[in-house]
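Here's what Swiss-Prot has on this protein:
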- SER106: active site, phosphoserine intermediate (ACT_SITE)
- SER106, ASP247, ASP249, ASP251: Mg(2+) binding site (BINDING)
- SER106: phosphoserine (MOD_RES)
Amino acid sequence: MTREIKPLFGTDGVRGRANHEPMTVEMSVLLGKAVAGVLQECKPGRHRVVVGKDTRLSGYMFENALIAGLTSMGIETLVLGPIPTPGVAFITRAYRADAGIMISASHNPYWDNGIKIFSSEGFKISDVIERRIEQMVAFKEFGNLPEDYAVGKNKRVVDAMGRYIEFAKATFPRGRTLNGLKIVLDCAHGAAYKVAPSVFEELDAEVICYGCEPTGSNINDNCGALFPSVIQKAVIEHKADVGIALDGDGDRIIMVNEKGHIVDGDMILSICANDLKKKGILHGNRIVATVMTNFGVLKYLENVGIDTLISPVGDRHVLQNMLEYEANLGGEQSGHMIFLDYNTTGDGIVSALQVLRIMIESESTLSDLTSPIVKSPQALINVAVKEKIPLDTLPLVQEALRDVRSSLGDSGRVLLRYSGTENICRVMVEGLKKHQVDSLAKTIADIVDSELGVGIIE
């Protein structure tokens with residue numbers, strides 16, 4: 001009889017509600033053992049693993065559980081404490097560690113948590129390695145336990161934040177500062193709550209902080225990259241030059257210009273791509289974007305001579321395409337920006353610094369930089385669902401999709417997909433007229449909600 005291997009990994013690691021399967025202490029111990037087992041399979045001997053986390057209350061128990069699993073298998077753990085996900089990727093490389101683990105559910109509510117695993121090079125592990133970890137966990141076959149004298153040690157890296165701060169600052173040109181810029185910064189009460197203000201302040205910006213007082217249960221709570229209205233209002237109130245909103249683990253960014261208008265990942269990607277092309281350092285004059293990228297943005301990129309490779313949604317898919325096609329810039333509308341010249345994963349702070357550098361070098365406001373980009377009207381509605389039933393098996397949903405596509409003709413498009421990290425169905429409609437796409441998106445969302453949902457998320 002074949003034993004079933006239960007999938008643990010989604011599109012961005014293991015994720016779920018804390019103290020519910022799969023995010024339990026028991027599972028975390030097993031995952032720690034499995035990571036150790038994979039490392040031993042790849043290269044027998046002593047190994048070191050970096051462990052970081054965001055500010056969720058449950059991070060403490062998962063941190064200890066992972067360390068227990070790892071050290072029981074002879075792994076030395078280097079504990080960073082609260083630090084952005086890109087900080088874990090950076091320090092994994094800097095310490096020549098064999099792997100890195102980030103305990104975070106990214107933009108999800110505080111009651112969720114997750115585990116992201118990085119290779120020694122700072123890249124998220126491959127599907128093959130994920131399947132091997134799942135196999136080890138399912139069969140509890142991790143290899144031989146070491147003798148009592150060979151279990152691993154646990155060390156705290158006391159200057160982890162400082163190291164990442166200096167790394168981030170080093171991506172900004174020497175001799176330049178942010179002097180004269182007033183920045184509204186929202187850290188979502190998350191992993192970047194200390195490092196992000198320090199980076200911008202040490203570069204001599206005036207920083208007005210929001211979302212920098214984590215309690216363990218307020219991460220992403222009506223703040224951060226998913227709720228840019230906070231910094232929209234604050235930028236106007238404080239007459240700031242720019243607003244920067246990060247998510248709970250600091251790997252994505254949404255910006256706001258001096259007029260209080262949102263500058264999303266599509267716009268940030270376009271600004272940075274055009275700048276790198278002008279400097280002659282955009283590899284192959286190509287970037288990687290996703291199926292969610294606005295058509296107007298794609299048209300702008302085409303007009304300035306930049307080829308855009310389209311990947312599925314998810315920073316892992318973006319990165320895979322970047323590596324395959326040797327691109328050094330890629331990103332998503334949601335705010336994941338990957339600058340491979342600097343880091344191996346999305347990095348909100350580094351992305352912000354690149355936009356600020358362009359503003360300073362060109363003596364432009366953020367609204368000046370985005371003014372040539374005319375986005376197509378687009379509507380995005382999120383529907384919370386009870387379970388992710390294959391959408392192509394739902395006749396009413398498929399009928400609605402056919403009707404909407406017929407209404408749009410060749411002048412628009414519709415995308416319907418499940419989130420890879422939450423029980424959410426995303427409805428995206430793009431077309432020529434705002435009122436039309438809003439109406440059509442709501443039509444589909446209402447039908448999805450009636451078939452599967454527990455409510456439309458405002």
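Quick reminder: no glycine exception, Cβ is built from N, Cα and C everywhere.
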Between SER106 (active site, phosphoserine intermediate) and ASP251 (Mg(2+) binding site): CA-CA distance (Å): 8
For the Mg(2+) site built from SER106, ASP247, ASP249, ASP251, further residues of that chain with CB within 8 A of the site's CB center: ASP54, PRO84, THR85, SER104, HIS107, GLY190, ALA191, LEU246, GLY248, GLY250, ARG252, GLY346, GLY348
SER106 (active site, phosphoserine intermediate), number of other Cβ atoms within 10 Å: 30
Pairwise Cα distance for SER106 (active site, phosphoserine intermediate)/ASP247 (Mg(2+) binding site) [Å, integer]: 7
CB within-chain contacts under 8 A for ASP249 (Mg(2+) binding site), separation at least 6: ASP54, PRO84, THR85, MET102, SER104, SER106, HIS107, GLY190, ALA191, ALA192
ASP247 (Mg(2+) binding site): tally of other CB atoms within 10 A of its CB: 34
